[in-house]
Amino acid sequence: MGKKAVFLDRDGTLNIDHGYVHQIDDFQFIEGVGKALKQLQDKGYLLVLVTNQSGIARGYFSEQQFQQLTEWMDWSLDEDYGVVLDGIYYCPHYPEGQGEYQQKCDCRKPKAGMFQQAIKDLNIDPAQSYMVGDKLEDLLAAETAGVKTKVLVRTGKAITAEGEKKADLVLNSLVDLVPYVN
């Protein structure tokens, strides 16, 4: 039997979305997120980041800059909360992007490629898992991958009627998910 997981969008879910966040100085965790992640991890859930990063394809920042920020974020969660991300998956592509990143891929949400790869790599049972994101695309990707519970949070993009309809739960923040998860 596979493991249970919480799939996590980054911008607008874990951190305040200032638009194409790629520098440590601009990265701010949403209040209470670190503690909530620790509680989810303590309940036996794998924590898996699944994030579109089209800023790479658009030339706003490099893949190396993204990786440096991600390493810092990962280190901060471990150092401050004892949280270890079990998987980090990102899509650097964008159909109107530049160079090698200009492509229509299977990993960019709303496609489910990142989820499918994580499910395979980490032996995740999507039927026991959650997706937490701030956009309809997050939920559509999760649904395609068979993730049971789709959670929309109000900490990022404005919630659309379509997104609200697709969500199993609409919460103010990732912090509010903890009581729903056993």
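Keep in mind that glycine also has a Cβ here, set from the backbone N, Cα and C atoms.
Taken verbatim from Swiss-Prot:
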- Asp9, Arg10, Asp11, Asp17, His18, Gly19, Tyr20, Thr51, Asn52, Gln53, Ser54, Arg108, Lys109, Lys135: substrate binding site (BINDING)
- Asp9, Asp11, Asp134, Lys135: Mg(2+) binding site (BINDING)
- Asp9: active site, nucleophile (ACT_SITE)
- Asp11: active site, proton donor (ACT_SITE)
- Thr51: site 'Stabilizes the phosphoryl group' (SITE)
- Cys91, His93, Cys105, Cys107: Zn(2+) binding site (BINDING)
- Lys109: site 'Stabilizes the phosphoryl group' (SITE)
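Within 8 Å of the centroid defined by the CB atoms of Asp9, Asp11, Asp134, Lys135, the record's Mg(2+) site, lie the Cβ atoms of Arg10, Gly12, Thr13, Asp17, Gly133, Asp138, Val153, Gly156, Lys157, excluding the listed residues themselves. On the backbone, the CA of Tyr20 (substrate binding site) and the CA of Asp134 (Mg(2+) binding site) stand 15 Å apart.
You'll find the Cα of Asp134 (Mg(2+) binding site) roughly 8 Å from the Cα of Asp11 (substrate binding site). Asp11 (substrate binding site) has its Cα within 10 Å of the Cα of these recorded positions: Thr51, taken from Thr51, Cys91, His93, Cys105, Cys107. Cβ atoms within 8 Å of the centroid of the Cβ atoms of Cys91, His93, Cys105, Cys107 (the Zn(2+) site) belong to the same-chain residues Asn52, Pro92, Gln103, Asp106, Arg108, Lys111, Gly113, Met114, site residues excluded.
For the binding-site residues shown (Asp9, Asp11), fewest C-beta neighbours within 10 angstroms: Asp11.
Within 10 Å of the Cβ of Cys105 (Zn(2+) binding site) there are 15 other Cβ atoms, across all protein chains.
In space, Asn52 is the closest of the binding-site residues His18, Asn52, Lys109 to His93 (Zn(2+) binding site), judged by Cα positions. Within 10 Å of Cys107 (Zn(2+) binding site), counting CA to CA, the binding-site residues Asp9, His18, Ser54, Lys135 contribute nothing.
Straight-line distance linking the Cα atoms of His18 (substrate binding site) and Cys91 (Zn(2+) binding site), rounded to a whole number, equals 19 Å. One residue stands out among the recorded positions Thr51, Asn52, Ser54 for having the most other Cβ atoms within 10 Å of its Cβ: Asn52. Of all Cβ atoms in the shown protein chains, 23 besides its own fall within 10 Å of the Cβ of Lys135 (Mg(2+) binding site).
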